[in-house]
Amino acid sequence: MGCQPLETLEAVCVFITLCVLRCFRPPQGNAIKTYKYNVLTFLPLNLFEQFKRAANLYFLGLLILQVIPQISTLPWYTTLVPLVLVLSITAMKDLVDDLARHRMDKEINNRKCEVLLDVFFKLSFLVLQADILLLSSSNPNSLCYVETAELDGETNLKFKMGLRVTDERLQEESQLARFDALIECEEPNNRLDKFTGTMLWRRERYPLDLDNMLLRGCKIRNTDFCHGLVIFAGADTKIMRNGGKTRFKRTKIDELMNYMVYTIFVLLILVAAGLAIGHTFWYEEIGSKAWYLYDGKDEDASYRGFLSFWGYIIVLNTMVPISLYVSVEVIRLGQSKFINWDLQMYFPEKDTPAKARTTTLNEQLGQIEYIFSDKTGTLTQNIMAFKKCTISGQTYGTSPSGDPTTAEGPVDFSWNRYADRKFQFMDHSLVALIRSRKDKDALEFFKLLSLCHTVMVEQKEDDLVYQAASPDEGALVTAARNFGYVFLSRTQDTITIREMDQETTYEMLALLDFNSDRKRMSIILRAPDGRIRLYCKGADTVIYERLSPNSRHKQSTQDALDRFANETLRTLCLCYRDVSRDEYDAWARKHKDASVTMTDREAALDRVYEQIENNLMLLGATAIEDKLQDGVPETIAKLAKADIKIWVLTGDKKETAENIGFSCELLTDDMQIHYGEDINEKLTVRQANRRNEPLSSGRNRKKAPEPFFPQPGKNALIITGGWLVSFLRAARRHVFSAFNSWLNLDVLFFPVQIDFVDMACECEAVICCRVTPKQKANVVSLVKKYKKAVTLSIGDGANDVNMIKTADIGVGISGQEGMQAVMSSDYAFAQFRYLQRLLLVHGRWSYIRMCKFLRYFFYKNFAFTLVHFWYSFFSGYSSQVAYEDWFITIYNVLYSSLPVLLVGLLDQDVNDKLSLKFPKLYLPGQQGLLFNYKNFFISLFHGIFTSLIIFFIPYGAFLQTMGQDGEAPSDYQSFAVVTASSLVITVNLQISLDTSYWTFVNCFAVLGSIAIYFGIMFDIHSAGIHVIFPSIFTFTGAASNALRQPYLWLTIILTVGISLLPVICIQFLHKTIWPSVGDKSQIYKKKTESEKKKPPAFQRGQRSRRSAYAFSHSRGYADLISSGRSIRRRPAARGGPQDSIREAGPDRVVVSITILN
């Protein structure tokens, strides 16, 4: 049954205090509801949501206008049928999605759990149904293992712990019944990584954080049972709060398409207004004076013109394409499926396929200008190996290439029964030093690694299995384990290790955990002899600031750190300090006060941590290797050739990041690298020059600024997070000073950020090191804001989530740091090298297909609709239509939809191999060349031209004609049949000319659309259907009567030919005189294929019946051969006969004969 929230129990007083207002809110059920509709609300609610879209509302208004007989010349079903079809397709998609949500809700709400006095009684492998405060469990120290795959996608086990006081006092049901604590906690929110609360029990206040909470969606593992107290239930749980709407990302094409629809709507109003004015004048001059046109209505010309305006709004409504948005969604869905099905982006080692987590951004993948990449786990494998270390100024270990410092081979750890067999270390001297126990610093070094961490350990078949929050921690604890300091177990307040051959338990007094701002973690322990010591490990930038003046080996350790960084190794400094009992007691009181505060607890704890993390004594540093992923240099090189600029944003040291940049070929030897000081100088000069310019010149916005790097050659920037902080702070001071300096508009309009972005964008590569997750997002925002460029961020960890969400497109790599980046991304795969295929193949294809689809879609609608415009000049501007009603109804639905949809799904100008071989093919997408207002107006004028031909050639043919039977079929219905037939054939052959990649499906769609048109036309023009529906189907026999005349078929052929001939000529000229990069690639492909298929001119040993004389009937080369001149002229020729034959001119025969002789 579903879990219910806490209420007052008999003899039990349990409160959950959120805030005063929430205390009066009625209890909420624990059942969740993510579905949107039920049986009664689906139809009205779905229609309401669909009609909130402007296009659907517009066509609903047209439908209402068509019901008014004074206005409409078209029957209502011409708009109703397409509108119902579009609404039905969208409604079916929404229904399928909502049924899936119904099934999921039902499954979740029917999960069973046991409720004991409103305190849950949990079983192992149970999925939690509420956010619960862990009180006690079957494991020692109330330890509870959970799997959080439903929250963040991670399948590795995490641990939670109950408070020590509840573990000791709440094990029995009778004890739970007397539990009367007061819980104060934060408001319900969506922060899965944070919980702040306190528990007041028996006059003592205890801090509560996320480590004490079991969140809804977690699965209990390796735990027989646990007791918990419900904090949030139902819609208040954190996972449900995360179900809200995320920021909707739109593509550039989306925005442009919307503006073009608005442009079409404006054109529609202008055309309708012009024709209405024409009808007003026509009626005054002609209509009112012609007795045979009298309709019995006493209406003046102005009123008739007003009615004619609305009539033409209805007649010309197909200029605004009703099915455009639905067709676009179908194409995007298909393109997303192609990404998911691409086996070349499948990573078999982890059984991980590529995944398009959105269907709205595919074509934007073909327009990327800047890529922002994390380093660790994105460019590298994030599989850490302990390679080197420095202890007391002495360096031990191997080089990254694996060359040992000694020739003795890998160290034999067989003396240590706890050693990890996969661990390898080459320096035997360090092992000898540890086993001799003579160097206290070395022993303390590995003791620190075995104690200062948050790793959990499991015992599996006489083996220790470590579960670490990060690969770095796992590598360091494993290294300590192999060198004799084995982490065995931990409880809430103890850590047990094996120091060589002696097992020792330390009391854990405090754990000062790591975060991205602190960049370090510490632990305070009490040894068995009563000594209190703080161990700390962290980045050198923060550790060196906190070292004691008496600390030794600072310089030698710094030198070793620099060498490690140059070898692309990841480094951490290790240090310690002894703490007196009085100092600890005083600090512990401050720590407890900070840990129970309800306002800004993290900042309060950080201030307390600072008070004890000082005067540290340096022990040394570790160096961990993280190798590059396969294919990273090649991928970066290809993306660079596509004019995509790559910025690496990492938290590593500057030297490490720079060397990784060279390793992955982001940085090259021919680049001029600029650092923070150089950047400051250039920015200062630029700002000074701008301030010295007169104000008038500052207003000249069109003048391009001078480049920062006028010298020829490539440039790169390498900056640090600290430089970014000072830079942004200086930029804010700069703007503020402008207000105090008589509003200096130069500074306001040209802030320092713009100069920095301009400078960085002039460079081929940018590396930002020592940056925080927030700084990563800020860098992406700067480029988006000032360059208006399409950006892509790619990362693999939780620290990359902000960057991924900020960019136009976010890509997550499913690596070693969990699935949080993937869960926040738009696209996901397993390796960085797949990025080139995602962009250069799928992105480029999607962009080209969408552009071609939109251009053709607008064209075919203009060609179809504007025939009414030309017809109005011959119908008194009376809003009469040029086609039969049912043709207007289903033209966009059946006659012209399938071929263009298939082009949008399947077309490709070149195959995937050529797309990767010629990255320059990507440039048109970046520059937006294939779909813009220029292309839109080309489609408009193309449609105008086609409509002119389709109307006036049949009109001329019908002007003075005579059929074979002596009758003139110059009636309106025959004319409508000929124009409609010409239109359908023309637009289907036009998409054939625009199709670059032919398949059987494309051919079937084009021919099938034409066949469907003629089949339906003959059916709805038949006498049988007219008998059944005489008022709806009025073109009885029109098709059969018109199309039996040969000259009308010639008229159709002539119309189609003249419509397509200019297009064929223009395409021919473009391919021969002005070929695009794609055309050149196709020519290259054909040339290489023909060379492969071309047989050799001569093969030794080949038998032939033909005489050698058949090759020449003129004078031979006997004199030349006997003279030997050809041999003397080309003595260096040593190739085989085939190579000689391929040389130019008749000499090839001579040389071949010479070699044969």
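Placed from the backbone N, Cα and C atoms, the Cβ positions cover glycine too.
Pulled from TrEMBL, these are the features on record:
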- 29-80: domain 'P-type ATPase N-terminal' (DOMAIN)
- 77-96: transmembrane segment (TRANSMEM)
- 259-283: transmembrane segment (TRANSMEM)
- 303-328: transmembrane segment (TRANSMEM)
- Asp374, Lys375, Thr376, Glu473, Phe514, Lys537, Arg570, Thr650, Gly651, Asp652, Arg770, Lys776, Asn799, Asp800: ATP binding site (BINDING)
- Asp374, Thr376, Asp796, Asp800: Mg(2+) binding site (BINDING)
- 689-708: region 'Disordered' (REGION)
- 822-1076: domain 'P-type ATPase C-terminal' (DOMAIN)
- 853-874: transmembrane segment (TRANSMEM)
- 886-906: transmembrane segment (TRANSMEM)
- 936-957: transmembrane segment (TRANSMEM)
- 997-1016: transmembrane segment (TRANSMEM)
- 1023-1041: transmembrane segment (TRANSMEM)
- 1047-1069: transmembrane segment (TRANSMEM)
- 1085-1104: region 'Disordered' (REGION)
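What TrEMBL annotates, mapped onto the structure for a quick look.
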residue	record	Cβ within 10 Å
Asp374	ATP binding site	29
Thr376	ATP binding site	27
Phe514	ATP binding site	18
Arg570	ATP binding site	23
Gly651	ATP binding site	24
Arg770	ATP binding site	21
Asp796	Mg(2+) binding site	31
Asn799	ATP binding site	22
Asp800	Mg(2+) binding site	31
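A distance of 7 Å separates the Cα atom of Asp800 (Mg(2+) binding site) from that of Asp374 (ATP binding site). Here the domain 'P-type ATPase N-terminal' (29-80) returns a mean pLDDT of 80 for the predicted model. Ranked by the number of CB pairs under 8 Å to the transmembrane segment (853-874), the listed stretches 259-283, 303-328, 997-1016, 1023-1041, 1047-1069 are led by 303-328.
The residues of the domain 'P-type ATPase N-terminal' (29-80), classed with DSSP into helix (H, G, I), strand (E, B) and coil, number 26 helix, 0 strand, 26 coil. Within the set of binding-site residues Thr376, Phe514, Arg570, Gly651, Arg770, the entry lying nearest in space to Asp796 (Mg(2+) binding site) is Thr376 (CA atoms). Using a Cβ-Cβ cut-off under 8 Å and counting only residues 6 or more beyond its ends in the same chain, the transmembrane segment (259-283) has close neighbours at 55, 58, 301-302, 304-306, 308-310, 312-313, 316-317, 319-321, 324, 858, 869, 872, 876-879, 933, 936.
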